[in-house]
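J.: Among the features that TrEMBL reports, repeat 'Solcar' is placed at 88-176, 186-270, 277-381.
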Amino acid sequence: MEANGFVSRRVDTPSVDAGVTAGAAGADIRWLGGRILDATGGFVGGLAPPRITAESDFAAVLQLRAAPEPTVAATETEIDYEGLPQGVATSTHMLAGAVAGIMEHCLMYPIDCVKTRMQSLQPEPGARYRNVMDALRQIVRTEGMWRPVRGLNVMAIGAGPAHALYFACYEKLKFSLSNVVHPGANSHFANGMAGCMATVLHDAIMNPAEVVKQRMQMYNSPYRGVSDCVGSIWRREGPGAFYRSYTTQLTMNVPFQALHFMTYEYLQELLNPHRQYKPSSHVISGALAGAIAAAATTPLDVCKTLLNTQEALAVHAEVGASVGTASATGGRHISGLGEAFRTVYRMGGGAAFFKGVQARIIYQMPSTAISWSVYEFFKYVITKRQYERRLHHRDGEK
């Protein structure tokens, strides 16, 4: 079970590699990335344990120092980068998460712009697209090369602190809940619960940024820039408009993140069972987890987009149906998940709940792959540096 960077379990002497002498077979050892440390923490060698000897990134070299013969089964403790090392500050998790979140949202922002437009319930003639590539071509050709990244700055500002809290909270809760739910082993349920609880903090920060971002992404957006958009929403709709879709966002993201984290951890067990740093496994697991979670939660994402953008034609239709007026600007807004669901169904039937599903999957697959890859890379580098500092400090004491 991962806890503070260590995975501990009891092992019997016969399970040790045949190349290890009987005197060292029961030694209490620690290993990181194939390097083995004996009970005193001294450098011992570059042996890959027998369960992973086929892996090319581990050297089949053994240099063991004499160790006292134990009288009982020894405890093997693996230093696993997957859980950052003991003593690492929460700020380390937050830094890794912030960089991962900013990169994820910034690199995939043009696809996110297309997704928002393709989820429009009744798009204007100039904003009707056949697919993602057709949408990008039309937007660049008719509105300019920089139009697909309009609003990127507000997303970057929101993504940094949101993902910092998100990953830090997930790492801490994952270990705590696993100890309660399934002591001594990885728990998919605990991973999912940790993801859900981290999402509450993430969405509290991201929701206002999402509102501004999506309004600036819409076709014929009337706002000159981010400050104009924020000021206009505040004056016309009040501060509550920035959190009008918060409950819907949580309703969407809680199952999304639960499915996302459980799928990612499950795929990691299949592709990377020993939890080494393997970029390819992080990319594949992240992409597939993102695609599955994105497809399953698209109906809720369509409703969230409607609540954030308050699409004029949709508001007009809802107002006309509910109060018999043709005005969509008289203080009437679509609010709440139930009203959003009714509006979507009234305007497009069941198929409308999957508008933009292609763009959403295309957006989420590389987004989650980038996010996990960057985050896992930071964890690996941080773990490696702390390990090297420990070796250097010990060598200096000799």
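Even glycines carry a Cβ here, placed using N, Cα and C.
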J.: Within the repeat 'Solcar' (186-270) only, compute the mean pLDDT.
T.: 89
J.: Could you give me three numbers for the repeat 'Solcar' (186-270), the DSSP helix, strand and coil residue counts?
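T.: Going through the repeat 'Solcar' (186-270) residue by residue, I get 72 helix, 0 strand, 13 coil.
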